[in-house]
Amino acid sequence: MRVRGALQAAALLASALWAAPLLAKDHPTFKTTKLDTQPNNLNYFEGSDTILFHDTHKSNLWRSDDAGATWSVVKDIPDGKVARLYMHDFDSKRAFAITDGRKHYRTTDQGKTWKTFEVDAAWDTERFDILHFHATDPDRIIFNGLHCLGFLCEEVSLYTIDDFETPAKPLRPDTLGCWWAKSSPVFTTGDSDLDKDRILCIIMGVDSIFSEDRRLVISDDFFKADKEGNIQEFEPNLAGDKPVRGVVNVAAVKRYFMVATTSANTDEMALFISTDTKKWQRAMFPNAHDDHDHKIVQEAYTVLESTNYSIQLNVMTGSKSAPMGIMFTSNYDGTYFSENLEYTNLNMFGHVDFEKIAGIQGIFLVNKVDNGKEVDEKPSTKKKLVSEITFDDGRTFDKVTADGKRIHLHSVTELNNVGRVFSSPAPGLVMANGNTGDYLGDYWEDANLYVSDDAGKTWKKALKGPHKYEFGDQGSILVAVRDSKEEDISEISYSLDHGENWVDEKLPDDLKIQPWILTTTPDSTGLQFVLIGKAKGAWHVIHIDFEGLHEATCKESDMEEWHARVDKDGEPTCIMGHTQTYPRRKKDAKCFLKKEFKLAEVETKDCDCTDQDYECDYNFERNDKGICVSRGPIPIPEGACKEGDRNGKFLGTSGYRKIPGNTCKDTKETKDKYKDVERSCGDGIGAPPDEATGELQQVDTKGKFGHWTHWEKHYLERGESSSDSSETIIMRGMNRTVDDSGPKVGPIWRTTDHGKKWDKVDFFKDDEVISIVPHPTVKDWVFFLTEGKKLIYTPDRGKRFRTFEVPQPADFEAAANGIFPLIFHPDKPNWLIWLGKKCESKNDCYRVAYGTKDGERWETLARDVYRCEFTGAEAYGRKYANRALEQILCLKHEKEGDNDSALQLVSSNDWFNQDERVRLKEAKEFATMAEFIVVATEDTEKKTLRAYASLDGSLYSEAKFPFGFEVPHQHAYTVLDSSTHAVNLFVATRMEGDKSLGTILKSNSNGTSYVVSVKNVNCDQYFYVDFEKMVGLEGVALVNVVVNPDAKSSAPKKLQTKITHNDGAQWAYLPTPRKDEFGKFPCSSSGTEKCALHIQGYTQRRDRGKTYSSEGAVGVMFGWGNVGDSLGSIKDADTFMTTDAGITWKRVKKGRWNWALGDQGSIIVLVPIRGQKTDTLEYSLDQGATWKKHTFSKEKVDIWDLTTTRSGNSQNFLIWGENSDGLFTTKIDFTKFTDHVCKYDPENLSKSDYQIFSPKHPLQPDGCLFGHVSQYLRKKPGLKCFNDFRLDPLYSKQNCTCTRSDFECDFNYELDKHGQCSLVSGLKPKDHKLWCKEHPDEIEYYEPTGFRRIPLTTCQGGLDFEKAAAVHPCPGHEDDFERKHRVSGIAIFFAVVLPVAAASAIGWWVYRHWDGKFGQIRLGEQGASTMEFFDADRPWVKYPVIALSAVVALAGAMPLVLGALWRTAKSTAERWGIGGGGGGRGGWSRLDGGGASRTFRTRDSFARGRGDYTIVDEDEGELLGEESDEEV
C-alpha cells in the first residue's frame, strides 16, 4: 500500500537507535528510529526514496532521503512553524509547508532546501484544497485562503505564475474557491492558450451569502478589470443555453470537469459536466424505480476512481445511520449515467467499498449489502455484506472465491493502512483481509489474509489473522505484518513467490509493537519498506531493506508473459474489448527486477466486438430475458426534433451502448444489431410540449374528500436543482367545532401533479398524526408527529416513508403555546433537536433537549430547557468565524430542577459535548432573523426589557436606542423581516389591547445601534405589526401608522399607509390610482396626508398566510384598501395592484378578491373571497392590463382558497372550495396556452422575450438606491411563451458613487431642521475608540461626524460622510498609523490646492443636488411632500443657496464635504503612485416578556402565530368556521 493522505496523530521527538544489521544474505536488514510522538502525513516524493512527514505536535517537518533509514528535522524552516504539509500534485520535486502566519515555505529539490514565500491571506483550516496546482505548469498555483477582521472572515483566492517568486496576486472579490481549468493532465479545453490561463471560480451571489445564490465565473486573464472597473469574466451556460445559480462545488475528474449546484427548497443537487469548460450538460440519471431513488443529494454522492473514458459515481440512498448506495457509470461524454449496482456499502463519511485493480482495465472489487431492502426499511437492521468482482467495468459481477468457497473482503470503509486497499502497480497481484462464509465477518475475529496473482479471479489463503500488507519489486516481494490492538507483534512475514510460501522475520532487539502503517514507494518497484508502530509510549519507524536477499537481477528467462484474463486453455481472452499482457517475474524465479521507479508496460490487442462488449444504454434496463428494455425517455441528439414537433422522428439509441472505454473492433453483425433506430420525438428527453390549444384546462376532484370545516395543506415545492418536475401537495380535511364532536382530522392525501390526481396515503392508516411538519428550508422532507414516541418522515416528498422513535413524548401543552418539540437545522435536514417531556413523577416533569444527526441515535443536549434552536449555518459559518455549523442556542433554567428559576441563554458549538457557555442571564426570549440573533433580557430592578444582538452567537452587545426613546416597562419586541443587513425592530410603546402601537427602529450593520425609522406603527394586542416587505426587492416595505395616537380611549384608531423604497430611511404616502371603469375615487393626489391610497395591513387580514407579493413576480404587489384620508373598513375595501414596486397603483376589482401569481408573474388569477359564492374566476396574461373570465363550475360554489406555488413559477393553480357534495378541488391549468419557451438573449435583450425593470425611488431621480442601480428581468407583458426555468430576476447591479443618500444619522444624532445630523442636546458622541477594541486589527479610528453608512448601501468612492473628520491611531498602532499617513510633497499639494479649487464647484454642487442629496435620507415620519418648502425652485431657496455656496463650502462643509473629497483625492493619488497610503428570507420573530415563546422563522409560521408549524391550517382567523366579515 502507498501513502496517499494524512495519518492521524500526535507528536514527535527523536533519538535514533540503530539495530545491528543481520549478517545472513537471505535476511532483510532493519534500522529503527525511535520517536516520542506519532509521525503524521508521511509522503514520498514520487520516483525517489525521499520521504517527508509532519510532526503535528511540535509543528516541524522531518525528512529522509534513504527510504526511511535515517531521519532529520528540516532546518530551513524555523522550529514550530509548520501547520500543514502539501505535496505538489504534478511535480515530484516540490512541496509546501504552510504556517499559521502569512510567511510559508517551499522546496523545489525534494526538501533539501526550503525558501520562504508570503501570501496576503491566512490559510483556511476547513479547506483541503488550499493550494490548487496547474497540471502542466508547476509554477502556476492558486492559494485559497481567508481575510479575517475580528470574527468576520471572507474567503480570498490569489494566484502565482512563478511559484511564489513574486508576491501572489488576488483574483477577484467574493470568491469561494478557484481552480485552474487544466487541473488534470488529460483534460484540455482544446486551446493551448486557454489551457494555460483559464481559471474557474465560485463567487458569492449578489448581496447574498447563501449557497443557492452562488455562481460560477470563468476568466482567461486572471479576472483583470478594464478601465471602467468591469471584471473580465463570463458566466458559463451550465444548463445548455443559460447560467445556473447555486454552485457549491467544482471538481476535475480525469478529462471531465464537474460542477455541483444546489437550490432552495431541496437537498437534491444537480451535476453539470464538461469536457472542455465551454459546453456543459446536466448529468442525467435513469428514472427511479423499485425501492430506491436516483437523485443526487447533498453530501450523499461520491466520485469514485474514474477513467479517461467515463465517470463512476456512487449515490447514497439509505439512511445516514445505515448508508447504502447505487453505483453509476457514465457514457463517454460524462452526461448520461447507467446503473451498475445497487445497495453498495458505504460509511457515514461517504467512503465506498469500491476499488479498481491497479493498472488493469475494467476490474474492480465492491462490497454490497445483501439485505439492502430490509436495511432501507429499518435502518437499525445489521448490514449483511458480500464481496463481488467485475471484469467488464461493472456490466456484470461475479462472486469472489478461494478454493471453491466464497470469500468476503474488508474494504475502504474499514481502512487499516494507508494507500490502496487491495492492489498495487504490481501486475495481477492482489491481497486482502477477509473470511469465508455467507457474509463479511468481524475484522479482528474472523479475518485472514488472502492473495490472488490473477487480478482477483482466484484467491488462496496466505496467513491466519488480519494483516497490514505491501508489495515490492513489482510483486516479487509481498510483505505483511499481523495487525493487533495490543503491543504484541514481534515479527513480519514475507513471500517471494506470490504468496505460496511465507517466511517470518523477527523485529530487531526483541521489539514488540502495535503496528500502525506499513508502506513503500507509491509505484511498488523498490526493495525497501517502512513499518511504523507503537511500543511502550514511543513510536518506532522501522526501515526494512530486502536488497541483500537476491543479488541476482532477473534475466529474460526469469520473466513470463502474464495475461490479465485467460480461458481454460490458458489463452488470453478479452477484457474491455482487448487482451492485456504484462511482463512479470516468474513465481519461482530467484531474482529481483531491481527496476526502481519503472512500471511494467502493458501490451494490448483489440478483439472483435461481441454481445459482452455492450451494456444497456441510459434509461434502459435488462429484463428477465437479458434484453435491454426502456425505463424512461431517450436522449434526443442535438439538432433533432424541431420545436413543437412531437410527431417528428429521430435516430436514437437501440437501447444498447458499447461499454465506455471498450476498444473492441466493430463487426458487421454488431453494427447491424446495435445501430441507432428511428424514434418518435414525443418519446425523447426534453420532448416538445403538446401543441398549444390556447385554452384553459381544468380538472375537478369532487365528492372524494367528505365534509370538513377546514383544509390543512402543504405545498412541497421543489428546487431548481430538483431532477423531476412534479408539483407535490400534501393535505387533509379538518374539523374545528365548538363541542369537539366528531373526527378532528381526515385521511392524508397526496398529489404530484398539482391536484390533477389525489392519492390517499395508506402508510398512516394505523397512526393518528397530530401534526404535519414540512422542513422549513428543505421541502423534500416532511415530518408527521404522533401522540407517542413514534415519528414518521419522508425524505422525498412522500415517495417513501420511514419511522424512528424519539426519546420522550412531546410536550403538547407547550406546543400549544408556541414551543414546538421538533427543531430543524437550516442546512442539514437530518440534524434534529427534539424537546421531550420527561417526568420523574406525575407532578415532576421537565423539558429535555435531545439531538440527533440521523434520527437513530439521540444524545441528551440539555435538561430543564425552555427551548432551543440551531443558529449555525453553512452561509454564516463562512462569514463569522465563531458561528460553527453545529451552533445551538438554548434558553435554559438557571437552577436545575427548578422550572421557576430565571432563564439564561446558553450556547454550544459541538452539540453540548464539551462546549457549553452561558451568554446572557435573565434572558426572556431570543429570535433569529437573517444573520442576526436578537435577545430580550429582563432588567429585574426596573422590570423592563433590554435587547441584545449578535452576529456570531458568541459576542452579544446591548442594543443602544436613540436618545429620548424611553419606554417605561417595555414588555414586547417584534423582530421584523431583516434581510437587508440591518435589524428592523418593533418596540411596543403603548400596550393597551386594541390601542397598542409602537416604533420601528432600524439598526446598524451589527444590530446594536438603533435609530428611529417610523413611529406610531399599528399592531394588535399580540404585537403582530402592520409591516409588509415586497418580496424580491430590497428595501421596499409598507406600514400602517396610527395618526391619532393621542385620541381618547373610546376613539377608534385612524390608520394611514406609508411606503419606503430605501429600507425605512424615508416614508411616503401611496399615490391614488387614476379614475377607472369602476368609478371615481373620493379624491386624487400623488399621496398626501389628506388623500392617499391605504392598504389593509397584516393585523386586519383574516388569512395571514397570504402575502402581498410573490417571489417570482418582481415589483408586483396586491392589496385590499381604499382611497381617502385614512384606512376604511375592510368590508368596504377594493382590490388594488402595482407592477412598479408601489410607485403607481390601479384598482383591478371592486370588493375583495383573492389573488395568485404564476409563471413568474405573467399569469394572475383572481377569485372572490370566501362567503361570496361564484362559478367564475378572472385571469390576466399581461400584468393586469386586461382581464378575462373563465367559468369553472356548473353551480355557484364557496371558494375557500386559491393557491399556487409560493415561488410563483408554476402555470397551475388550485381552487379549494365547498359545494353541495362537500369539499372539492379544481386544478386550473394554463400550460396549453402556449408551447413556446420564452427566449432569453443576455447579449441582445431587444431580441429577448424579457425586458428590464429598474425600481425607482420617487424622490431620487438618478435611480441610485442603496448605492447602486439594480435592473431586473421580467417577461414582456402579453407574450405567449412560458418560463421553463426559474429566471434570476436580478439582471445587473452597478454601483454608484457615494452621496449623502448613502448615509444616515449615527447613534445619539438626529436630523435637524436643515436636514443635517446634529448631536442631540446634552449628549456626547459615541466613543469611536471602541472601534479599536471591537476591531483589534484596525490601526486607526475617525472622530464621529454624526453620520453612518447605511448598512445596505454598496456605493463606492465619492463622498464619505462617515470618515470626514479627523483620524487618530488606535492604541498600540501608532507606528503603523504613522507609516500609513506619511505624506509626500505632491500629496501636500493636493491637500492644499484641491479644497480651494473645489469650493466654487461645491457651491454649484450644493445647489444642483439640494433635492436629492441633502436632507432626504431621514429616519422619521416625513412623507413625499415634506421637503417641498425647501424645493430648489422656490425663490427664497434658489438665490440664497447660490449666494451662500462659497461660505457653505469653506465653512460649513469644509470639515465634512471636503474631508470626504480629500479622501477621494488621496485614494486617486495613491492609485497614481502619489503619497504614502497603504428579497426577504425570513418572517418575523417576537420577543415577548410575558413568557410565551414565539419562534417565527418563516412568514407562514408568523401568519399562523404558532411557530414553525401547527396542528391547524394557516387560516387562523376562522377558528370556529364562521364566515363573518367582522372576523379579521
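In case you wondered, yes, glycine gets a Cβ from its N, Cα and C as well.
Among the features that Swiss-Prot reports, signal peptide is placed at 1-24.
The feature repeat 'BNR 1' is assigned by Swiss-Prot to 62-72. Among residues of the same chain six or more beyond the repeat 'BNR 1' (62-72), those with a C-beta under 8 A of the stretch's C-beta atoms are 12, 14, 16, 31, 33, 39, 48-55, 110-112, 521, 526, 528, 530, 541, 543, 545.
Per-residue confidence over the repeat 'BNR 2' (105-115) averages 97 (mean pLDDT, predicted model). If you look up Swiss-Prot, you'll see 105-115 marked as repeat 'BNR 2'.
According to DSSP, ASN308 (N-linked glycosylation site) is assigned to coil rather than to any helix or strand. A 10 Å cutoff on Cβ-Cβ distances gives ASN308 (N-linked glycosylation site) a total of 13 other Cβ atoms nearby, all chains included. The N-linked glycosylation site annotation in Swiss-Prot covers ASN308 (among others) and rests on sequence analysis.
Residue environment of ASN735 (N-linked glycosylation site) contains 16 other Cβ atoms, counted within 10 Å of its Cβ in all protein chains. In the three-state DSSP scheme, ASN735 (N-linked glycosylation site) falls into the coil class. Taken from Swiss-Prot, the feature N-linked glycosylation site covers ASN735 (among others).
Swiss-Prot lists 749-759 with the feature repeat 'BNR 5'.
For ASN899 (among others), the entry in Swiss-Prot reads N-linked glycosylation site, with the evidence type sequence analysis. ASN899 (N-linked glycosylation site) carries neither a helix nor a strand DSSP state and counts as coil. With a cut-off of 8 Å between CB atoms and residues at least 6 apart in sequence, the same chain places TYR846, ASP864, HIS893 near ASN899 (N-linked glycosylation site), listed in sequence order.
According to Swiss-Prot, the feature N-linked glycosylation site maps to ASN1006 (among others), an assignment based on sequence analysis. In the three-state DSSP scheme, ASN1006 (N-linked glycosylation site) is classed as coil.
Residues 1030, 1033, 1036, 1038, 1059, 1061, 1070-1074, 1076, 1093, 1095, 1115-1121, 1155, 1183-1184, 1253, 1255-1256, 1258 of the same chain sit 6 or more residues outside the repeat 'BNR 6' (1136-1146) yet have a Cβ under 8 Å from a Cβ within it. If you look up Swiss-Prot, you'll see 1136-1146 marked as repeat 'BNR 6'.
Look at Swiss-Prot and you will find 1179-1189 tagged as repeat 'BNR 7'.
Its Cβ placed at the centre, ASN1244 (N-linked glycosylation site) has 7 other Cβ atoms within 10 Å. Positions annotated as N-linked glycosylation site by Swiss-Prot, on the basis of sequence analysis: ASN1244 (among others).
Taken from Swiss-Prot, the feature N-linked glycosylation site covers ASN1295 (among others). Taken residue by residue with DSSP, ASN1295 (N-linked glycosylation site) is part of a strand.
The annotation transmembrane segment is assigned in Swiss-Prot to 1386-1406 (among others) on the grounds of sequence analysis.
Summarising the annotation, Swiss-Prot assigns topological domain 'Cytoplasmic' to 1407-1440.
Summarising the annotation, Swiss-Prot assigns transmembrane segment to 1441-1461 (among others) and lists sequence analysis as the type of evidence.
Listed glycosylation sites: ASN1006, ASN1295; maximum Cβ neighbour count within 10 Å falls on ASN1006. For ASN735 (N-linked glycosylation site), the nearest neighbour among the glycosylation sites ASN308, ASN1006, ASN1244, ASN1295, judged by Cα separation, is ASN1006. Residues 699, 701, 704-705, 726-732, 797-798, 1210, 1212, 1214, 1225-1227, 1229 of the same chain sit 6 or more residues outside the repeat 'BNR 5' (749-759) yet have a Cβ under 8 Å from a Cβ within it.
Looking only at the glycosylation sites ASN1006, ASN1244, ASN1295, the one with its C-alpha closest to ASN308 (N-linked glycosylation site) is ASN1244. Residues in the repeat 'BNR 6' (1136-1146) partition by DSSP class (helix H, G, I; strand E, B; coil) as 0 helix, 4 strand, 7 coil. The distance from the Cα of ASN1244 (N-linked glycosylation site) to the Cα of ASN1006 (N-linked glycosylation site) comes to 41 Å.
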